[in-house]
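What Swiss-Prot says about this protein:
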- Lys82: active site, schiff-base intermediate with D-ribose 5-phosphate (ACT_SITE)
- Asp25, Gly154, Gly215, Gly236, Ser237: D-ribose 5-phosphate binding site (BINDING)
- Arg166: D-glyceraldehyde 3-phosphate binding site (BINDING)
Amino acid sequence: MEKVVGTDRVKQGMAQMQKGGVIMDVINAEQAKIAEEAGAVAVMALERVPSDIRAAGGVARMADPTVTEEVLNAVSIPVMAKARIGHIVEAKVLEAMGVDYIDESEVLTPADEVYHLNKRDFTVPFVCGARDLGEAARRIGEGASMIRTKGEPGTGNIVEAVRHMRKMQAQIKQVAHMSTDELMTEAKQLGAPYELLLHIKETGQLPVVNFAAGGIATPADAALMMHLGADGVFVGSGIFKSDNPEKFARAIVEATTHYTDYERIAELSKNLGSAMKGIDVATLAPAERMQDRGW
């Protein structure tokens, strides 16, 4: 029997449906329902949010399938789940469970330091993190249907997400202004498919949606990332590590939608309680920097 896999066009189209929205990390059915009621376009099912993964240390793996199954049964919006970088079997298990997207994630401890997954071996679409155009292009070349900035997960500090989004947008503009004979050299330097760079030159954008993630903790943070060109945002620890998750969730969704309405964002930001406690990224040791995982 011939293996059936989803085409790039179909999988990228599925990801396009999340454009302009907020995707929230959840660890149980109750949180998933809060996210759905707040207006999240999808949820990411985990055993622990990134800040807890960071605090616990050790090896972080795919969540217990019971957690993922609980979330799948609790909501009608799409459910994502994380697999370790390069871990073919974790990804196949998640696909068999019926998740809507798989995140090949640097938040988990990489299983393979040489190879990322060949996403075209799967029917389910993949989302992958990137710090710059080179990383984004390589993941898209492997079949990723959605890109997100890596940021620095679990810190509540947006500085790295801003750095990654600004760098990616600047590099896209550079490629758009290159002559066609410069593209091959650029493709070689980035380790990216020439045809992908040609698409970027002709359209001025990636062929997939590009979300912001890593350190988004407030409505203003979400609006900032949209202002910088993100197609939507992932919020990991920022919601359920806040004082008032329901209120934070609704406020971040609304700020993402109305990111240029600054009076509205001011109102949304009132009386939310404390945001999650943040970490100064500059204090992290090299081994603690999740964004450096993958290539």
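Just so you know, glycine gets a Cβ as well, placed from its N, Cα and C.
Sequence features, as recorded in Swiss-Prot, placed on the structure.
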residue : record                                                          : Cβ contacts under 8 Å, 6 or more apart
Asp25   : D-ribose 5-phosphate binding site                               : Val43, Met44, Leu46, Val49, Pro50, Phe234, Val235, Gly236, Ser237, Ile239, Phe240
Lys82   : active site, schiff-base intermediate with D-ribose 5-phosphate : Met44, Leu46, Met62, Ala63, Ile102, Asp103, Glu104, Ser105, Val107, Leu108
Gly154  : D-ribose 5-phosphate binding site                               : Val49, Pro50, Ser51, Asp52, Ile53, Arg54, Ala55, Val107, Gly236, Ser237, Ile279, Met290
Arg166  : D-glyceraldehyde 3-phosphate binding site                       : Leu228
Gly215  : D-ribose 5-phosphate binding site                               : Gly151, Glu152, Pro153, Thr155, Gly156, Asn157, Ile158, Val159, Glu160, Ala161, Asp221, Gly238, Gly278
Three-state secondary structure, Asp25 (D-ribose 5-phosphate binding site) (per DSSP): strand
In the three-state scheme derived from DSSP, which category covers Ser237 (D-ribose 5-phosphate binding site)? helix
What does DSSP call Gly215 (D-ribose 5-phosphate binding site) in the simple three-state scheme? coil
Cβ neighbour count within 10 Å of Gly236 (D-ribose 5-phosphate binding site): 28
